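Novice: Residues annotated as substrate binding site in TrEMBL: R92, R102, R130, D219. Marked as Mg(2+) binding site by TrEMBL: D219, D243, D247. Per TrEMBL, the feature NAD(+) binding site maps to G277, S278, A279, P280, D281, I282, A283, G284, Q285, G286, K287, A288, N289. Residues or ranges marked as domain 'Isopropylmalate dehydrogenase-like' in TrEMBL: 4-344. Per TrEMBL, site 'Important for catalysis' is recorded for Y137, K187.
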Amino acid sequence: MPHLIAVLPGDGIGPEVAAEARRVLEATGLDLTFEEAAVGGAAYDAAGHPLPPATLALAQRADAILFGAVGDARYDKLERALRPEQAILGLRKELGLFANLRPAKLFKGLEGASALRPEVAAAIDLVIVRELTGDVYFGLKSRGTSAEGLREGRDLMRYDEAEVARIARVGFETARTRQSRLCSVDKANVLETSQLWRDVVIEVAADYPDVALTHMYVDNAAMQLVRDPGQFDVIVTGNLFGDILSDQASMCAGSIGMLPSAALGATGKGLYEPIHGSAPDIAGQGKANPCAAILSAAMLLRHSLDEGEAAGRIEAAVAAAIAGGARTGDLGGSLSTRQMADCILAGL
Ligand code: ATP
Ligand code: MG
């Protein structure tokens, strides 16, 4: 039985980069079938909703989802539920995708693209494992008036032990596939949620005696990420801290056009997307860097289809193309999206 890949191209440069990622997957020679469906603004235009039932049904049927990007200023005036970004939130929720994996690695030859000094940047090779469905984003929210009559806003930060344990396990398992070093990031000196987080991570660690566990406060982690990012192998953290630290790590690692991500749940199914958005400023011009989408396709093979060998071949082909001087505009070159993908395909 071939594996079914749902391709959800979306808006802006999403379709341009997703098409190249699909070509690369097709070139692996694996037994894959592809079905495409509209998502985001494109789906709103076609069907009146950013995540139409047919798109959700395809995502539920598929073994894995290759996602492009969604969003455009044209939809900013719509009510919240109809905005393109709701599609990705809806997919995460419906599919139970609670773990976000974001590798940040500097490819050889891109040292100059990092926000850090080249010799510091060269050492970056880490994965941030961010919890995706809890924390302050999903706790009780309200607006009101304080006892002094001042306007007040509240967002409840909350985690339960099961939520912490399952993301901690993803952190430990990820560390096992790498250098077996896990740094848990929290703010346990101030927050009750973080004290629970730390207790549970230490309990889960009993099942992973082979992984070296350390703890770091989030403020220190932010500092260490720019001071000496080479010290990190895998970082596991909550939704809010992970949101901030993963954007920070991506700028340390060079262009936004190079970095993939995976959203995983309890089953093998996952959603794979570049960390960049729909980039309306360059959409339709064939300028977008397809590497982030292609590396997301590699993560899809590794995490959802258990095809680590083919994933490694794709990653090596991207590294070889970059080392050989292939560059799109964001990397200071002039190759088109298609030409960049051709260089990678040539190395496969
Ligand atoms: P979102 O809110 O969806 O994250 P955003 O507004 O934060 O979107 P992006 O769409 O990621 O931002 O674009 C940020 C900048 O990076 C833009 O100038 C865009 O052109 C550039 N950019 C993003 N992705 C790529 C890519 N694959 N190749 C080249 N440039 C890119
Ligand atoms: Mg953004």
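Just so it is clear, glycine is given a Cβ too, placed from its N, Cα and C backbone atoms.
Unlike curated entries, TrEMBL annotations are predicted automatically.
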Novice: What is the one among the binding-site residues Q285, N289 whose Cβ has the most other Cβ atoms less than or equal to 10 Å away?
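Specialist: Going through Q285, N289 one by one, the largest Cβ count within 10 Å is at N289.
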Novice: Can you grab the distance from R130 (substrate binding site) over to Q285 (NAD(+) binding site)? Cα atoms, rounded to a whole Å.
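Specialist: R130 (substrate binding site) to Q285 (NAD(+) binding site), Cα-Cα distance: 33 Å.
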Novice: Hey, how far is D247 (Mg(2+) binding site) from R102 (substrate binding site), Cα to Cα, in Å?
Specialist: 10
Novice: For R102 (substrate binding site), which residues in the same chain are close in space, meaning a Cβ under 8 Å from its Cβ, but six or more apart along the sequence?
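Specialist: In sequence order, V127, I128, R130, S246, A249, S250, L259, P260, S261, I275 meet the Cβ cut-off.
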Novice: Measure from the Cα of N289 (NAD(+) binding site) to the Cα of every one of the recorded positions R92, Y137, D219, then give the nearest.
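Specialist: Spatially nearest to N289 (NAD(+) binding site) by Cα position is R92.
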Novice: Across all the protein chains here, work out how many other Cβ atoms are within 10 Å of the Cβ of A283 (NAD(+) binding site).
Specialist: 18
Novice: Hey, does DSSP put R130 (substrate binding site) in a helix, a strand, or just coil?
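Specialist: SS state of R130 (substrate binding site) = strand.
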Novice: Do any of the binding-site residues R130, G277, N289 touch ligand 1, in the sense that the CB is under 6 Å from one of its atoms?
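Specialist: Those binding-site residues that pass the cut-off, since their Cβ is under 6 Å from ligand 1, are G277, N289.
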Novice: Please check each of the binding-site residues R92, D219, G277, K287 and report the ones with a CB atom less than 6 Å from an atom of ligand 2, ordered along the sequence.
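Specialist: Among R92, D219, G277, K287, near ligand 2: G277.
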Novice: Roughly how many Å lie between the Cα atoms of R92 (substrate binding site) and Q285 (NAD(+) binding site), rounded to a whole value?
Specialist: 30
Novice: Round to a whole number and give the Cα-to-Cα distance in Å for the pair G277 (NAD(+) binding site) and D219 (substrate binding site).
Specialist: 27
Novice: Which of the three DSSP states, helix, strand or coil, fits Y137 (site 'Important for catalysis')?
Specialist: helix
Novice: Give me the sequence-ordered set of same-chain residues, not including D219, D243, D247, with a C-beta within 8 angstroms of the centroid of the Mg(2+) site's C-beta atoms.
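Specialist: Residues close to the Mg(2+) site, other than D219, D243, D247: V218, A222, L240, F241, G242, I244, L245, S246, Q248.
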Novice: For Y137 (site 'Important for catalysis'), which residues of its chain lie six or more apart in sequence with Cβ-Cβ distance below 8 Å?
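Specialist: Listed in sequence order, they are D155, N239, L240.
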Novice: Of all the binding-site residues here, R130, K287, which one's CB has the most other CB atoms within 10 A?
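Specialist: Sorting the candidates by Cβ neighbours within 10 Å, the top entry is R130.
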